[in-house]
Amino acid sequence: MFSFARSSLEEMLDSLRQRDDGEKPKDMPPALPCRPPSRARVISGRWAAQPTFNADGENCGVEDKVKRNTLWGNKRRKDVNVDSPYNLGEEKRVLEGSDNIVHFIQNKLRVWCRQSRGVWASGTIEATSGEESFVSLGNENVVKVSTSYLFPANPEILDGVDDLMLLSYLNEPSVLHNLKYRYSCDMIYSKAGAMLIAVNPFKDVEIYGRDFVTAYKQKATDSPHVFAVADTAYNEMMNDGVSQSLIISGEYGAGKTETAKFAMKYLAAVGGGNVEIEGQLLQASCILEAFGNAKTSRNDNASRFGELVEIHFTEVGEISGVKIQTFLLEKSRVVELDPAERSYHIFYQLCAGAPQTLRERLYLKKADEYNYLSQSNCLVINDVDDAQEFHKLMEALDNVRISKEEKDQVLKMLAAVLWLGNISFQVIDNENHVEASIDEALISAARLLGCASNDLNQALCAHTIDADKDSDKGSIVQKFTLQQASDARDALAKWIYACLFDWLLEKINKLIDVANDFSSSHLQKNSFEQLCINYANERLQQHFNRHLLKLEQQEYELDGIDGVKVDFVDNQECLDLFEKKPNGLFSLLDEESKSPDANDSTLVTKLKQHLSGNPFFKGDKGRAFAVRHFAGEVLYDTNGFLKKNLDTLNTELIELLSSCEGQFPQTFAIKMLNQSLNPDAPKQGVGIQLKGQLFKLMHQLENTKPHFICCIKPNRKQLPSIYDEDLVLQQLRCCGVFEVVRISRSGYPAQITHQKFAERYGSLLLETNESQDPLSISVAVLKQFNVLPEMYQIGYTKLYLRTGQDLCDTVDMILFLAFLLRLRLEI
Ligand SMILES: Nc1ncnc2c1ncn2[C@@H]1O[C@H](COP(=O)(O)OP(=O)(O)OP(=O)(O)O)[C@@H](O)[C@H]1O
């Protein structure tokens with residue numbers, strides 16, 4: 001028998017009914033509360049749709065896979081432990097009080113305990129003694145653990161839920177376990193509230209085919225997927241007329257580029273569906289990959305630039321064009337490589353794939369004969385055929401309408417860069433001044449650039465300084481030492497490559513807003529590039545914090561829920577460390593870069609002098625310092641900071657390029673001259689310029705509704721089926737997943753539309769509900785099962801539950817009761 005207590009929910013609804021009853025004829029069902037006058041966000045139908053997908057009525061394989069991607073249905077039908085402990089307070093405290101432990105022991109509830117090797121294991125507490133507990137891990141294996149290292153585990157019924165918010169407990173081992181469970185079933189996507197988590201499968205999981213596109217397009221599935229995020233964004237853009245952005249973050253090799261490609265594929269399919277647009281996008285990414293990606297120790301195809309891809313749509317939702325902006329191309333990779341890493345793919349592709357006639361025109365040799373490529377002893381990538389990739393690239397260049405002559409110029413510039421790297425210098429006087437050796441390298445580089453080798457030699461080995469205006473000395477020619485000449489040569493090679501990259505980008509910029517975030521870095525020895533990347537990530541993190549918070553708050557307001565205060569940690573102080581004038585890191589770096597006597601050691605002394613009081617800065621031994629980023633403390637080595645921050649090309653080299661015969665060197669020289677004539681740019685270092693670029697990017701993103709995707713790399717070996725818990729945990733922390741979870745917990749993390757709730761549980765109602773509207777069905781279900789009023793709030797469109805556990809309890813209880821009901825009927 002069931003008894004029903006009257007709840008305050010009932011009272012609230014009664015008063016609503018009374019109000020409506022006074023206004024409506026008696027035979028009408030109670031009306032839904034009216035919506036607030038503000039423009040409401042349309043709740044995507046996708047979340048309310050029934051999982052009835054069967055693509056074209058024949059792709060059962062897809063259906064199986066789509067079903068496999070959600071465990072909600074079948075998992076819920078298992079036996080349920082109804083005696084739930086989940087009405088206890090905050091989970092951290094759950095196991096601390098002795099009463100609670102007794103509760104866990106009595107009910108044989110699962111807990112997580114950290115074992116000596118750092119691995120989490122689940123078991124049940126057998127007994128406690130003082131600060132220690134004895135946990136049975138099964139098979140008579142009982143371990144002794146400190147009670148403070150025990151965390152409550154979720155009931156097995158929740159294993160593999162597709163939204164972490166549905167977990168009763170959101171502690172680290174529980175989240176790790178859930179993602180691991182899903183990963184082992186090839187369910188690589190999960191939701192953490194408003195964020196999508198994508199765990200890199202390192203294998204083809206066969207969930208990106210046309211049938212999947214169709215399924216998400218037709219709202220036939222609601223399993224978490226990058227297609228679902230792209231679909232929501234697309235629909236919100238169409239319905240609300242607001243620009244959207246997808247912000248994809250994660251560490252090196254976590255899957256950002258692939259995820260962005262899948263999102264673009266989906267958008268190309270819904271926003272055009274024509275093969276031409278999809279093709280153009282593919283060609284653009286093929287070119288950008290060849291010129292902007294490289295093999296690193298952590299990813300065979302690592303992007304060495306950040307990018308913002310804008311996809312423009314017409315009013316009727318068709319793609320009208322695409323614009324790509326790039327940030328922070330790692331120029332230093334052209335001239336300097338860490339062991340076992342490669343330079344940009346294009347160089348190896350050219351050396352391996354160029355046909356004989358082209359080789360002759362470019363004086364081309366094998367990759368191992370070029371210093372810039374051979375220095376790292378890494379010339380090939382397993383399972384990658386550079387020659388074949390070269391042919392694909394040539395086709396892609398044709399397809400983005402790069403003319404034969406332009407293509408020829410591009411290849412010439414690449415070969416010139418390679419030959420520049422082979423230029424050597426010899427000392428010519430006793431002051432260690434140098435001149436370039438007149439050899440094949442100098443001659444080939446000069447020919448390819450279209451200048452005389454003597455001019456190239458002079459531009460690399462000397463610098464003309466204008467003498468004092470008042471003196472009669474005219475200008476003074478200052479000869480370079482070996483180091484200075486090598487630096488000039490490398491600077492020229494880097495600049496040519498960077499200009500070439502920008503030129504290509506301009507060329508293909510006809511075509512998508514998908515921001516591919518920068519990989520964060522916490523390596524032992526971090527350089528200037530990493531500092532810039534981590535600063536960029538810090539900026540994006542702030543965007544992430546503000547928007548998740550803002551969205552959450554907005555959603556409550558629009559749905560008529562109030563009184564929810566969501567708190568979050570702002571990283572503004574860390575940003576100030578970089579950005580403040582005059583004593584922020586970038587300003588100090590700029591000041592020091594301009595000082596003639598400065599070097600990397602004077603820089604670090606200056607930083608320590610001005611920033612030591614800042615809690616986000618820590619001076620370290622020698623030339624190092626550390627920054628406390630949102631994702632953890634990172635140590636930086638200032639070696640080369642000043643040079644990299646200045647990143648200038650001396651006048652001689654710019655003049656040399658402008659005097660070259662070819663069209664490209666002249667174009668590049670004009671670009672460099674324009675930059676140095678720009679009143680804002682000349683005195684600014686790379687750091688300050690990056691700050692400006694990011695402000696602009698943030699401004700662009702601020703005008704969009706963001707959707708966050710966090711990519712997780714499950715192992716460093718880039719292999720399928722390996723889930724390294726520590727590595728995953730570290731990334732979940734960095735991506736702010738626990739922060740999102742914490743933010744959501746302070747509000748109403750479990751939210752379900754009345755429509756979906758009514759669809760799922762309406763059939764459990766003992767009495768037929770006359771009104772068919774979903775809200776009154778949800779209310780009737782809650783009433784029938786006497787759910788405590790403090791556990792939820794009722795919005796205009798959704799039911800909001802205080803914590804994940806409450807929904808589980810509620811739903812579990814409902815299913816349990818349904819089970820009993822069915823039993824009764826069967827008897
Ligand atoms: N969804 C996926 N399905 C299958 N394989 C994937 C997927 N995502 C990523 N991978 C694999 O992981 C590799 C690395 O992914 P990707 O290049 O997208 O990482 P990234 O985060 O962009 O790396 P980086 O920051 O170094 O550029 C890919 O080359 C691919 O082999």
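Positions of Cβ are set from backbone N, Cα and C atoms, glycine also.
Pulled from TrEMBL, these are the features on record:
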- 16-27: compositional bias 'Basic and acidic residues' (COMPBIAS)
- 16-37: region 'Disordered' (REGION)
- 106-155: domain 'Myosin N-terminal SH3-like' (DOMAIN)
- 159-815: domain 'Myosin motor' (DOMAIN)
- GLY250, GLU251, TYR252, GLY253, ALA254, GLY255, LYS256, THR257: ATP binding site (BINDING)
- 694-716: region 'Actin-binding' (REGION)
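Taking a Cβ cut-off of under 6 Å from any atom of ligand 1, the binding-site residues GLY250, GLU251, ALA254 reduce to GLY250, ALA254.
Per-residue pLDDT, averaged along the region 'Actin-binding' (694-716), amounts to 88 for this model. One residue stands out among the binding-site residues TYR252, ALA254, GLY255, LYS256, THR257 for having the most other Cβ atoms within 10 Å of its Cβ: LYS256. Just so you know, the Cβ of GLY253 (ATP binding site) picks up 23 other Cβ atoms within 10 Å once every protein chain is counted. Residues of the region 'Actin-binding' (694-716) grouped by DSSP class, helix first, strand second and coil last, total 9 helix, 8 strand, 6 coil. Counting residue by residue with DSSP, the domain 'Myosin N-terminal SH3-like' (106-155) contains 4 helix, 28 strand, 18 coil.
Long-range Cβ contacts of the region 'Actin-binding' (694-716) within its own chain (Cβ-Cβ under 8 Å, at least 6 residues beyond either end) map to 179, 183, 192, 194-200, 202, 226, 229, 232-233, 236, 240, 242-256, 259, 263, 298, 308, 325, 327, 513, 515, 535-536, 539, 543-544, 547-548, 551, 722-724, 727-728, 731-732, 735-737.
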